[in-house]
């Protein structure tokens with residue numbers, strides 16, 4: 001077996017059963033991985049210098065093909081209602097077959113770190129069949145100093161072989177695609193998919209399992225920090241404005257997707273960003289756009305024209321087009337990936353029912369309730385001729401990546417909020433003046449003004465009212481914001497229609513939360529909609 005690149009001889013691939021590979025390229029640089037990707041026909045160079053790859057059949061994650069090994073360690077710790085179990089015997093067969101499949105192949109290895117806080121960092125080795133996957137994960141995770149590579153000892157290993165096809169009958173999985181996580185032994189096996197995001201989210205899943213046992217809260221969120229060290233965390237599902245609202249030229253970006261909250265403050269899990277690019281423009285998001293126009297960035301499933309220029313308006317391959325780039329490609333990104341304890345937590349929702357106010361203050365109990373609910377609303381597909389919004393509840397604002405029971409994360413979050421006196425706000429970026437179809441989208445200018453008022457503390461000085469549906473506190477007036485939009489009912493022409501819509505949404509919240517009732521205390525249960533008590 002030929003070996004190239006700097007690595008620790010004591011942890012060579014032979015130690016995990018990959019000694020039969022034809023060659024191994026350890027910790028290759030971006031330039032070397034460009035050469036390998038293009039030479040092997042995996043990817044192509046764009047006119048501006050980025051590397052474009054197409055993932056084929058899988059243009060997104062495959063949550064139905066993700067499994068967790070159920071053994072004596074994980075049996076009582078994993079939320080099996082939301083995680084699919086795989087027996088240790090099936091995993092052993094899968095591992096043996098994947099190792100055999102890798103024999104004779106050229107493999108690429110990156111030795112990286114998950115977690116910017118040293119005491120909670122996860123040394124991670126990612127072994128890939130594709131050179132461009134090696135560049136992708138090198139961009140996304142934290143790169144250790146070159147001097148640390150000769151002694152690097154991974155605690156998590158990910159083996160990513162897109163050409164491997166699983167056998168459901170033999171391996172206990174659902175299809176030819178498989179993402180299998182052995183949390184006890186720190187091994188993730190990915191086969192049958194070329195979608196690079198599976199690697200990134202596998203690291204997130206493992207950290208989400210490991211950290212709560214150490215009292216560290218893992219979060220699916222973006223985060224930034226102001227010039228006075230006032231950190232803010234933004235929870236939110238896809239399409240709620242998490243990336244857009246945390247990108248603030250007056251504040252330093254900590255990260256855009258995954259963070260931990262420890263005894264020392266917040267820290268990024270990653271060293272890069274994985275941003276959506278569909279309909280990306282230089283005018284609307286100049287910093288992200290600029291990353292797509294340079295060497296080092298990976299473009300995933302982005303259509304190129306005949307001049308090899310990306311067309312971000314073309315979703316013919318998928319609407320889920322992406323770019324992956326290191327954090328230092330963003331001008332105002334944090335160099336450390338760390339900040340102190342958050343002063344403010346923002347929970348974003350895009351309420352397409354038009355019921356929720358644009359901003360509301362939450363007590364710690366209400367914050368835990370809305371964190372466990374993880375609500376947003378998607379607009380139904382126009383091709384079906386349906387204009388009724390669809391409520392989406394993804395607990396902890398990231399259910400697919402949470403191995404433990406949601407109440408474990410929720411209780412930890414509530415405890416940290418109370419201990420550090422964090423202000424919590426629910427911000428609705430959805431519809432006002434009616435539901436989707438009759439109302440209009442919440443003006444981004446108003447959202448930014450309300451957010452700024454929350455972050456600066458200005459909202460602490462205004463008068464509040466209790467929301468009659470959700471019980472949280474809503475400001476009556478805010479400088480620079482049209483007061484009418486602060487009361488959603490007043491923006492509807494038909495008040496009876498608003499009341500009916502509100503009653504419908506409240507009933508959805510209550511029905512969704514029923515599964516958590518037995519896992520939370522009375523204070524959180526009393527934070528349910530319909531309890532008309534405002535935050536003090």
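Every residue, even glycine, has its Cβ placed from backbone N, Cα and C.
If you look up Swiss-Prot, you'll see 61, 195, 201, 322 marked as substrate binding site. Counting only same-chain residues at least 6 apart in sequence, those with a Cβ under 8 Å from the Cβ of residue 201 (substrate binding site) are 61, 400, 401.
Counting every protein chain shown, the Cβ of residue 322 (substrate binding site) has 23 other Cβ atoms within 10 Å. Residues or ranges marked as ATP binding site in Swiss-Prot (evidence: sequence analysis): 201, 220, 236, 237, 238, 239, 240, 241, 242, 243, 244, 285, 322, 447.
The Mn(2+) binding site feature in Swiss-Prot is assigned to 201, 220, 257; the stated evidence is sequence analysis. The Cβ of residue 257 (Mn(2+) binding site) lies under 8 Å from the Cβ of 220, 221, 222, 270, 273, 274, each of which sits 6+ residues away along the same chain.
Cβ neighbour count for residue 236 (ATP binding site): 25 (other Cβ atoms within 10 Å of its Cβ, all protein chains included).
The 10 Å shell around the Cβ of residue 242 (ATP binding site) contains 22 further Cβ atoms across the protein chains shown. The full span of the recorded ATP binding residues, 201, 220, 236, 237, 238, 239, 240, 241, 242, 243, 244, 285, 322, 447, taken as their largest Cα to Cα distance, is 29 Å. For the pair residue 242 (ATP binding site) and residue 195 (substrate binding site), the C-alpha distance works out to 22 angstrom.
DSSP gives residue 244 (ATP binding site) a helix state. The Cβ neighbour count for residue 195 (substrate binding site), using a 10 Å radius over every protein chain in view, is 24.
When secondary structure is read from DSSP and collapsed to three states, residue 201 (substrate binding site) falls in the helix class.
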